[in-house]
Amino acid sequence: MELCTQTVAADHEVIITRRSGSHHPTLWGDHFLAYADLRGANEGEEKQNEDLKEEVRKMLVMAPSNSLEKLELINTIQCLGLAYHFQSEIDESLSYMYTHYEEYSIGDLHAIALCFRLLRQQGYYVSCDAFKKFTNDQGNFKEELVKDVEGMLSLYEAAQFRVHGEQILDEALNFTITKLKQILPKLSNSQLAQQITNALKFPIKDGIVRVETRKYISFYQQNQNHNQVLLNFAKLDFNILQTLHKKELSDMTRWWKKMELVNTLPYARDRLVECYFWCLGTYFEPQYSVARKMLTKISFFISIIDDTYDIYGKLDELTLFTQAIERWNIDASEQLPLYMKIIYRDLLDVYDEIEKELANENKSFLVNYSINEMKKVVRGYFQEAKWYYGKKVPKMEQYMKNAISTSAYILLTTTSWLAMGNVATKDVFDWVATEPKLVVASCHIIRLLNDLVSHEEEQKRGNAASAVECYMNEYSVTQEEAHVKIRDIIENYWKDLNEEYFKVDMIIIPRVLLMCIINLTRVAEFIYKDEDAYTFSKNNLKDVISDILVDPII
């Protein structure tokens with residue numbers, strides 16, 4: 001455990017030895033300030049983009065409704081990150097497929113699996129009985145299916161959208177993972193091999209749209225049967241959006257420099273760009289530019305407050321800060337030590353800015369939903385601090401109940417909706433505040449994924465017990481056994497999430513809002529796949545961010 005010394009008292013100096021995270025500094029610094037004057041697409045690029053869009057729209061409309069051609073075109077458009085241009089056309093096509101699903105369930109493995117996955121991905125619950133024809137008398141998938149590599153990959157992706165009680169999809173997932181790994185070394189098609197390798201690590205269910213779009217454009221270009229119009233449109237659209245995202249990050253960097261929080265709080269992770277990346281994974285579309293910047297600011301504060309409770313603040317200070325957050329009044333800052341005053345005042349200032357921005361749409365009252373969730377997050381962090389200072393390892397049930405707050409995902413969901421326009425009504429904010437099962441599943445997934453990859457490092461520096469320690473302590477198992485069990489628990493929460501997604505009335509809770517919840521969960525799957533890539537962003541995340549936010553596609 002590394003220690004640091006810091007002067008913290010507001011009225012007189014008291015030197016206190018504290019824990020430190022020893023986090024590496026920002027990798028980006030002022031880099032994105034260089035894009036402040038970056039121009040968007042010029043007139044020629046805009047016209048080319050519109051022309052290509054109309055060509056693709058015609059392709060989509062002209063493809064026969066009940067054809068494999070239509071299925072594959074929709075899939076390609078989605079994988080190339082272009083679906084947001086054609087949402088109404090895709091919605092109409094998938095609605096037709098849903099009402100005529102039996103017609104699609106008589107094709108080959110690839111066609112059935114692709115249709116099944118596209119419909120479930122859209123929120124339509126369709127039966128998995130169509131896959132029974134591919135099993136033998138013992139209920140096992142037929143070995144001959146391995147000859148159909150495309151079909152196997154489609155079945156693998158389809159099985160990811162399973163819910164509780166669908167044994168055939170559980171079997172399909174195990175079967176395809178095993179067989180695809182065996183097939184890989186024998187494939188002569190390098191493009192297909194790359195695609196399978198990526199899918200085994202990042203299935204479509206877990207994929208961040210912009211990250212997977214960048215990869216798929218490369219895969220698609222290598223495919224000899226690619227459509228040049230689609231490829232050209234995907235490249236141009238990717239670069240146009242990237243320019244917008246660079247400009248947003250330039251704005252965020254100016255905001256970050258103006259606050260100077262990092263210089264004041266050296267113990268905290270300086271991860272502005274990584275916060276923005278997280279929010280970009282939630283929604284990338286141009287109409288959510290303001291929403292992304294709001295969400296990034298709140299995400300940045302969540303990170304700082306998390307570090308304050310996890311490693312730096314003393315229990316008496318954390319008690320005062322928790323009380324101040326509950327009061328939510330600038331006068332409450334007077335009782336705080338200096339470093340906490342800075343956090344508190346800047347946090348309230350950011351919420352004031354958001355409230356003023358939403359006042360233009362008569363939506364300022366919605367900010368209270370985000371503030372209430374911030375209070376819950378801080379209560380959760382404070383509970384963990386009390387466990388730590390009391391040397392208590394809670395039962396898993398206690399820990400997971402508190403994890404709904406400490407995941408901060410209801411706060412992020414609520415904040416992500418603030419600037420999404422009229423689609424985000426008071427009713428949807430009331431709904432998420434009740435902690436519905438879908439949202440709780442998302443919270444638990446992020447909490448457990450984070451704990452699996454970060455608990456060893458956190459225990460070295462002296463953090464509160466994670467889910468791993470809680471499980472080991474309660475059930476008297478080894479760390480390895482706890483990891484295996486927690487992985488199973490995560491899979492069950494994904495089944496909960498899928499199941500609830502199919503049940504939600506999308507007239508009341510529009511799909512575009514539900515996708516914020518799902519996309520936040522996808523970002524967690526990505527960030528915590530092999531390590532805590534947010535904290536240790538210099539290892540692998542830096543290159544991904546460069547691909548998405550720095551380097552255009554040539």
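For all residues, glycine too, the Cβ spot is worked out from N, Cα and C.
Which of 51-55, 211-215, 306-310, 476-480 counts as motif 'DDXXD motif' depends on Swiss-Prot, and there it is 306-310. Away from its own ends, the motif 'DDXXD motif' (306-310) comes close to residues 21, 265, 267-269, 318, 321, 340, 343, 378, 381-382, 384-385, 408, 458, 463-464 of its chain (Cβ-Cβ under 8 Å, at least six residues beyond either end).
DSSP states for the motif 'DDXXD motif' (306-310), grouped as helix (H, G, I), strand (E, B) and coil, give 5 helix, 0 strand, 0 coil. Reported as a whole number, the C-alpha separation between Asp310 (Mg(2+) 2 binding site) and Glu458 (Mg(2+) 3 binding site) equals 9 Å. Residue pair Asp306 (Mg(2+) 2 binding site) / Glu458 (Mg(2+) 3 binding site) shows a Cα separation of 13 Å. In this structure, of the binding-site residues Asp306, Glu458, the smallest number of CB atoms within 10 A of the CB marks Asp306. Per-residue pLDDT, averaged across the motif 'DDXXD motif' (306-310), gives 96.
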